[in-house]
Amino acid sequence: MSGRFGSRAVVLGGYLLAAVVLFGAAPALLSDFRLRLLAQFLCVAMVAVGIGLAWGSGGMLTLGQGVFFGLGAYIMAMHLQLSDAGPGGRPAFMVTGSGLPWWWELFRNPVTAVLGIVGVPALLALLLGLGVFRRRVKGAYFAILSQASAAAFALLLISQQNTIGGSNGLSNFRQFFGFALSDPVNRRMLYFIAAGVLIAMVAVVHQLRRSRYGELLTAVRDGEERVRFLGYDPALIKVFAYVVAAVFAAIGGALFVPIVGIISPNNVGVVPSIGFLIGVAVGGRATLLGPVLGSLAVSYAGSTLSENFESVWIYLQGLLFVLVVAFLPGGIGSLGGVLRGRRRRPGGVVGEGIGHGPPGPPLVDDAGPERAPADARGGGA
Amino acid sequence: MRQDYLEIRGLRVSFDGFVAVDGVDLTVLQGDLRFLIGPNGAGKTTLVDAVTGLAAASGSAKFDGTELLGQKEHQIARAGVGRTFQTASVFEQLTVLQNLDIAAGSQRRRRSLLRARATVPDSVQLAMETTGLTTLRDRPAAELSHGQKQWLEIGMLLVQNATVLFLDEPVAGMSAEEREQTGELLRRVRRDHVVVVVEHDMEFLRAYADSVTVLAAGKVLAEGTYAQVQADPRVQEIYLGPGSRGPGHQAVH
Ligand SMILES: Nc1ncnc2c1ncn2[C@@H]1O[C@H](COP(=O)(O)OP(=O)(O)O)[C@@H](O)[C@H]1O
Ligand SMILES: [Mg+2]
């Protein structure tokens, strides 16, 4: 929508501005500590960019992105621990005597580690997505299912004390692909990598949104049945966005590990999964920049507030979410449209929309036509 | 020229023992504007659902030699059978052009989907002209009038390359003028399509139907031209009650 009026110059200017802020102003103005914090927020924002695509454009309320974030993070953490341990070595936390599991060994090589960070979550999202979308599970059911997967994933990690660090998680990384993490220059490089990756992700989503695929995804969100009768298989359309969102979350998780220095089940369960979503909802899930800006703002507010009132923030976060969903379902990014709509109403152009609350896409994808046969046939295959 | 036709034999749909469509035979040829009428609950929509894959059915429904029953909705659509819904179901957040472009695109190669549309496809341009929506090209569908939405739906069927068109009550809720335009549109479309229109409105039927099939309680009650069907006492009975003489021209529901 936003691209329709925006000329190329405006778009290029936007990216230029982002680059100037992230690559010029922020490193010049912020202390090392603040810059590290910003880098952490950028990683979380990567998850948000993916959610913006899957949820905002595609109507899939992805309440379990912690799974993919966690997969990327843990694979990276395993690789970093193994490279700290040196050739043939084993991570320090493991009880001596027990063998190193084969799936640790997979990620000793830097190439397979990077491939794993992208490939494992992508494959999981593909299988999960096809299974779920082919069976026409959607709306709240999809949301609950994805949330349950995050809960199960966190429990699984906690139960694996000796192989994956249990509830302590993995920490104490000394180097990142050969660069010492104690060196401030290398930490700054990590920040630049995160900034560059985030901008690239926004650009990918930008292109997807303006492509024919993006229009199709929106069509599936608003009328999955109708798309089916046009000769498309909506499951394939949805699963692509779902996989992209999963990969973005995993990359965010993978960069989070060397930047923050620890990954534990606390970062991947239900609560962080919902946390990823709040910024997207607040910023405006159906807009290009709403998710990334909303996520950064919520992260910033969270860290500022929880420095002083740790316990208050979690409630405040919940309240913010409820308020946005109740009163501004399109998020802050939709505010312009809402106000414009108000102004236009007296003229009667909007007609049918009157009294139905602010315009915007439905919270989740549609429940199908009035007589959708949500019956036995779906569960067959 | 080859003439396409739709051939339905012994079609039967039951919902938990309730038989909504009960052994229907129906053959519709290209160039024949066929109307499917019948009282509420006769099974008209269910028949369309069955042939387009939305309701499980037994019997046979063949188009172009291909059995449609048992296939998935999107496979049936690709085989050339399209439909509209009783309640207009265009993509409200997308523009007229975007709606039509999506309808035209199910055969596009996957890779090409990742690019933005560079030019308006010819078929889309033609459909906008046929349905009179050219000037509304960049309007979101949500802003269209009820009639315009139905035309957009028909346009989507045309660009979809459907040869068999099922239209479920396309003129319900339209003004007299919109009805007339829709009727003319259907006349233009029928030449190279197999068209089945589910309709209640007798006036509209009389003006535009080439042939009529009357459905009642899931069975075909009568079939023929408007005049033949109108003269059938059994049809008069279900529409006007026993003892009535000659159907009136009011809309019957
Ligand atoms: N999904 C369904 N489940 C149960 N009964 C249904 C279903 N769909 C339709 N019916 C029943 O089948 C009969 C035919 O309905 P329908 O085809 O909608 O009639 P028409 O379109 O001719 O008005 C009605 O009695 C209706 O209640
Ligand atoms: Mg009906």
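Glycine residues also receive a Cβ, built from the backbone N, Cα and C atoms like all the rest.
Summarising the annotation, TrEMBL assigns region 'Disordered' to A:349-381.
Positions annotated as transmembrane segment by TrEMBL: A:12-30 (among others).
Look at TrEMBL and you will find A:37-55 (among others) tagged as transmembrane segment.
The transmembrane segment annotation in TrEMBL covers A:61-80 (among others). Beyond its flanks by at least six residues, the transmembrane segment (A:61-80) meets 47, 50-51, 54-55, 91, 104, 107-108, 110, 113, 116-117, 120-121, 124-125, 139-140, 142-150, 153-154, 157, 164, 169-170, 173-176, 242, 245-247, 249-258, 263, 265, 267-270, 272-274, 276-277, 363-364 of its own chain at Cβ-Cβ distances under 8 Å.
What TrEMBL records for A:111-133 (among others) is transmembrane segment. Same-chain residues lying 6 or more positions outside the transmembrane segment (A:111-133) and placing a CB less than 8 Å from one of its CB atoms are 67-68, 71-72, 75-76, 78-79, 142, 145, 149, 234-235, 238-239, 242-243, 245-247, 249-251, 254.
Per TrEMBL, the feature transmembrane segment maps to A:189-208 (among others).
Here TrEMBL flags A:239-263 (among others) as transmembrane segment. Sequence-distant contacts of the transmembrane segment (A:239-263) (same chain, at least 6 residues past either end, Cβ-Cβ under 8 Å): 36, 39-40, 42-47, 49-51, 53-54, 57-58, 60, 62, 65, 68-77, 80, 117-118, 120-122, 124-126, 128-130, 133, 169-173, 176, 181, 187, 190-191, 193-194, 197, 201, 204-205, 208, 213, 217, 276.
What TrEMBL lists as transmembrane segment is A:275-300 (among others).
Under the heading transmembrane segment, TrEMBL lists A:312-335 (among others).
Listed stretches A:37-55, A:189-208, A:275-300, A:312-335 were compared with the transmembrane segment (A:12-30); the greatest number of C-beta pairs under 8 angstroms is found for A:189-208. In this chain, the transmembrane segment (A:37-55) lies apart from the transmembrane segment (A:312-335): fewer than three C-beta pairs between them fall below 8 angstroms, excluding pairs fewer than 6 positions apart. Counting residues 6+ beyond its ends, the transmembrane segment (A:275-300) has Cβ neighbours under 8 Å at 1-3, 40-42, 44-45, 47-49, 51-52, 55-57, 61-63, 65-66, 69, 198, 202, 205-206, 209, 249, 317, 320-321, 324-325, 330-335, 360-361 in the same chain.
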